[in-house]
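Trainee: Once you've had a glance at the structure underneath, I'll fire off some questions.
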Amino acid sequence: MRLGIEIYLVSGLSGDAATAQSQVSVGMGLLAGSTVMLLTVIWGTCTVVGKCDLRDTIAVNNQDTKRFSLKDSGVTVDVWTSYAARIMAISVIPFVIVQLPQMLGSTSGRHLSVLVALVISVLMLISYCVYQVFQPWIQRRRLAFAKHKHVISGILKHLKQHALGRLLDDEGQPDEHVIRRLFETIDANKDGHLSAAELKALIIGISFEEIDFDKDDAVGKVLQDFDKTLDEQVDQDEFVRGIKHWLLQAMGTAGPAGPDAGPRTMKFLDHFHVQTKREHTLLGDNENGENEEEGGEVADPKWITIKAALLLLLGAAIAAAFADPLVDTVNNFSAATGIPSFFISFIALPLATNSSEAVSAIIFASRKKIRTASLTFSELCGGVTMNNILCLSVFLAIVYLRGLTWNFSSEVLVILIVCLVMGSFASFRTTYPLWTCFIAYLLYPFSLGLVYILDYWFGWS
């Protein structure tokens with residue numbers, strides 16, 4: 001992306017306005033080509049190399065026995081990847097705004113539309129950066145809530161298994177008499193109250209299927225749910241109210257219980273338990289050894305920060321030095337071969353500018369874990385989002401300040417189609433079966449053909 005920004009600057013700032021107008025197509029071709037390549041060829045390849053066996057629509061880490069089964073093999077990502085895909089789809093708004101005058105057949109408002117799109121893209125860039133800063137905090141809060149729901153479902157299953165009767169009566173409502181008898185069973189010292197120590201003993205005695213959490217924190221949250229008198233213990237009435245509230249919450253997740261809910265209580269609680277476990281998995285908890293596998297804590301964060309800053313400066317200097325010759329080479333090659341410069345920048349340049357990102361994404365996907373697959377596809381969506389707001393902001397600024405003409409209708413259409421198709425697809429799914437890679441692969445030749453037809457058959461501009 002750094003090289004792409006340098007190319008935009010060089011293509012728009014070098015020479016007079018006429019030269020800049022002819023060269024700026026290289027930058028636009030790179031922008032469109034990078035977006036299309038990330039969401040098609042690289043996306044599809046990551047799906048193939050990262051596939052695992054699917055069990056209950058969730059990929060099983062490091063298990064790939066289904067080979068190339070189109071339905072039973074695939075990748076699973078966390079919900080944050082879905083949010084990244086939605087943000088990516090929203091980030092195409094500046095493209096729509098800058099294209100409005102051409103869509104309406106107007107010539108007078110083109111310069112103004114470029115300015116409006118520039119302002120909106122900058123505001124979206126700032127908002128996206130703020131979101132990236134606060135996302136880890138939001139993720140931790142949602143993960144803590146998911147763990148608490150998992151504790152709730154585990155306690156409810158445990159109580160059902162040890163109940164002397166059913167948790168629901170024949171009308172499908174919480175059976176208060178049974179809940180009171182359960183309280184008496186848990187109240188070890190028979191003092192009429194459940195202390196924090198008794199609640200902790202209850203939680204420790206329940207198997208939570210390898211879900212790791214702080215037991216003391218879980219006790220504290222249970223006390224918050226039950227202890228309305230704030231005396232750090234739960235009496236029988238508070239316990240009954242709390243369990244009834246939990247049961248109603250679980251019933252809401254599983255749907256209406258119906259008049260025959262009593263005999264089906266176990267199935268209804270199993271459904272709630274599966275849902276909470278799935279939610280916890282898709283939130284991307286990486287506390288169970290993932291940090292150690294991916295490198296653990298940074299030994300010297302200050303030195304790593306300085307080193308990263310120096311490498312960024314070095315990369316910017318190299319990109320600035322080679323960007324101008326690269327643009328000239330593209331134009332000279334185009335003139336010598338008769339191939340339009342746009343197609344060179346659309347096809348060839350993205351291979352160079354996205355090579356490191358592609359290799360990194362494929363390596364991460366090949367580890368065949370939900371965590372690494374989530375990082376892979378989130379990075380692809382994030383890269384396209386930055387193309388759509390950061391790179392486009394630079395591009396629009398050059399067009400506006402130099403008074404250039406915006407005439408990239410076909411390129412914008414391709415970006416819109418690819419971003420909206422893949423963004424919509426990934427926004428509402430967390431599992432990508434293997435067959436979905438064909439969607440990504442087919443979009444690439446479709447995009448090339450569409451640009452060619454619109455530009456050179458119909459003369460779109």
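Glycine is treated like the rest: Cβ placed from N, Cα and C.
OK, TrEMBL features for this one:
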TRANSMEM  32-54  transmembrane segment
TRANSMEM  75-100  transmembrane segment
TRANSMEM  112-134  transmembrane segment
DOMAIN    174-209  domain 'EF-hand'
TRANSMEM  304-323  transmembrane segment
TRANSMEM  343-365  transmembrane segment
TRANSMEM  377-400  transmembrane segment
TRANSMEM  406-426  transmembrane segment
TRANSMEM  438-458  transmembrane segment
Trainee: What is the number of residues in the domain 'EF-hand' (174-209) that are helix, strand and coil, as DSSP sees it?
Mentor: 20 helix, 3 strand, 13 coil
Trainee: Any chance you could find the range in 343-365, 377-400, 438-458 with the most Cβ pairs under 8 Å to the transmembrane segment (112-134)?
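Mentor: Answer is 377-400, with the largest number of Cβ pairs below 8 Å.
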Trainee: Mean pLDDT for the domain 'EF-hand' (174-209), as a whole number?
Mentor: 80
Trainee: Below 8 angstroms Cβ to Cβ, which residues of this chain, lying six or more residues outside the transmembrane segment (75-100), approach it?
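Mentor: For the transmembrane segment (75-100), the list is 46-47, 50-52, 54, 57-59, 109, 113-114, 116-118, 120-121, 124, 128, 131, 135, 139, 281-284, 365, 370-371, 373-374, 377-378, 381-382, 384-385, 388-389, 392-393, 396, 406, 409, 412, 415-416, 419-420, 422-432.
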Trainee: Same chain only, please: residues at least 6 beyond the ends of the transmembrane segment (377-400) with a C-beta under 8 Å from a C-beta of the stretch. Say none if there are none.
Mentor: 1, 4-5, 8-9, 12-13, 20, 24, 27-28, 31, 34-35, 38-39, 42-43, 46, 75, 77, 80-81, 84-85, 87-88, 91-92, 94-95, 98, 111, 114-115, 117-118, 121-122, 124-125, 128, 354, 357, 360-361, 364, 406, 415, 419, 423, 426
